[in-house]
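TrEMBL has this to say about the protein:
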REGION    A:1-24  region 'Disordered'
COMPBIAS  A:1-16  compositional bias 'Low complexity'
TRANSMEM  A:31-55  transmembrane segment
DOMAIN    A:94-310  domain 'ABC transmembrane type-1'
TRANSMEM  A:94-115  transmembrane segment
TRANSMEM  A:127-148  transmembrane segment
TRANSMEM  A:183-208  transmembrane segment
TRANSMEM  A:239-258  transmembrane segment
TRANSMEM  A:289-309  transmembrane segment
Amino acid sequence: MAVSAATAADATAGTGEHAPRARRGGRRRTALTFWGFVGPFLIGLLVFTIIPVGWSAYLSFFDATNTVSPTPEDFVGFGNYTAMLTDPAFQDSLVTFTVFAAFIVPVTFAFSLGLALMLNRVRFMRAFFRSVFFLPFACSYVVAALVWKMSIFNGVRYGLANTVLDLFGVDEIAWLFRPDPPWFWLVIVSLRLWIQVGFYMILFIAALQQIPQHLYEAAYVDGAKPGRQTFWHITLPQLRATSVAVLMLILIAAYQAFDEFLLLVGTMPSARPPLVYLYQTSLGMQQELGTGSAGALILALLIAIVTLLQGKFLGFGNSEDR
Amino acid sequence: MTTETKRPAPVGRRRGPSSGGTVNFLALSVLAVLFLIPFYLILRNALSTDAEITAPGWMWFPVSPAWENIEKLFTDPSVPMARALLNSALVAILTTLGTLFLCATAGYGLARIPYRHANKVFYIVLATLMIPGAITFVPSFVMVSSLGWISDLRGLVIPTLFNGFVAFLCRQYFLSFPRELEEAARVDGLGYWGSFWRIVIPNSGNFLAAIAVITFVGSWNSFLWPLVIGRSPDSWTVQVALSTFLTAQTVSLSQLFLAALVAMLPLLFVFLFLQRFLVQGVAQTGLKG
């Protein structure tokens, strides 16, 4: 997303260069060659992304229950949209997402940056540590949800978390089965953190290695102390572009959170993010494809607005000229 | 991995052993142990009996590993694990090959062929990147079901191949590919197609491997799309099969963890042997995104 404007300019540079060489007869051949390369991909994009989105927009104005081709009598106008927007369950799912993002974005960011800084300093077994922190990325959310639910945060006494709490004399906690107190957030956030943190850590490590050493040297000459001072005045400002990108990526990934919510707390209505809600509406027992489509489009619009605001707020301009 | 030998030691590091360095090392070690606990639990539980898992006292590792769990898992008729593994392997391999082929050719065409409307086509691709990936599952389901590809390998694979983001990455990569190499090929009488296959692709091994590994991992671990499309047990991938055992009440715990171990093994091998490409792929896909 962040890339779009940055590449607009070099698109012209990339294709225009040979243009004077193309002769009149060659032009048609160039077009044919181009479509030979790009055509199959573009057709697929049309059939599996562009047309479905349009079709879905059409369906969102119909009562399309269990059908993908509704009859004109099923036309409901903006009915699905008002139904969706006034549905308390949909509103709840937006609140759930906001709470989730408020936890996961700062925690993942701080944790991955911290790990990258620690790895950058360590002298022994650096490759080993990096592999260990990155390894959970090989684990699917389904497998992780299984371990989190059945072993670590199992609500009975043989669960790992309860075994550890027992050592300190704390009673068993039903982690996942009660919305109040909301212990399930600890389960959900720790799971996603475990899987993702290594991914963002690698991005930060790559960025840390790009920082020119002479900046630090100059700072020491000027009397700066290594540690806090150089971190706030050199490291962090130099990581700005990567930090913006990482924040965006964490947030975009959070919008798409589905697997762990469905498997861990899918039956708890107060802990349903929008995607799980949409899935259960449009593909559950009743296939309410009309309302589901309306919900998907509302969500897409909300994401677009937030992304634009975030871009303004964090200042894309700066990351673009890299 | 190799970077520490090439780069001068960061000045921020103190010379000689210091307490700060030791604390840092110890903290990393503690974190590493915490990060490995879930893997340990999978292995321990997969090789235990159900009675051992639920026993009140903590058990570090089963005294006599229950190897018979493996046979039980693959012979249990209610759990189509072998079929699910086969489906996952087919889906991941076909998705990787298909994505690579379609996105590399499209990326090269967009980067190099001086067609008048190439820019417009590129903007269409960019526009689709703006549509948040996960919310298209409702519209895509509509399309796939009207094609009759529900519970079908075609439905699992084909709609996921046209990845605008990968095509974009390929285009950026080919833009930076040394032009002189291609021009030499042009002098030798090769057209675009010839120089793409004989010059560009053979010289892009690292880039393509990084994209391939990332695509493979993503496809093997994906859950939402296979769940939406795989409605009959024959078409379940490993992740979908695992999720149904997880929500079923009757399944045995040790089998569940063994199934999780089996689902994870292929990717652990990828991590062991191809980590270099994976790290490179992460750096590529992340930093440009």
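For all residues, glycine too, the Cβ spot is worked out from N, Cα and C.
A:183-208 is the stretch from A:31-55, A:127-148, A:183-208, A:289-309 with the greatest number of Cβ pairs below 8 Å to the transmembrane segment (A:239-258). Remote same-chain partners of the transmembrane segment (A:127-148), defined as residues 6 or more beyond its termini with a Cβ less than 8 Å from a stretch Cβ, comprise 115, 119, 187, 190-192, 194-199, 201-202, 205, 259-260, 263-264. Nonlocal intrachain contacts for the transmembrane segment (A:183-208), taken as residues 6+ away from its ends with a CB within less than 8 angstroms of a stretch CB, comprise 99-100, 103-104, 107-109, 111-113, 115-117, 119-120, 130, 133-137, 139, 141, 144-145, 148-149, 153, 173-176, 235, 238-239, 241-242, 245-246, 249-250, 253, 257, 260-261, 264-265, 268, 271.
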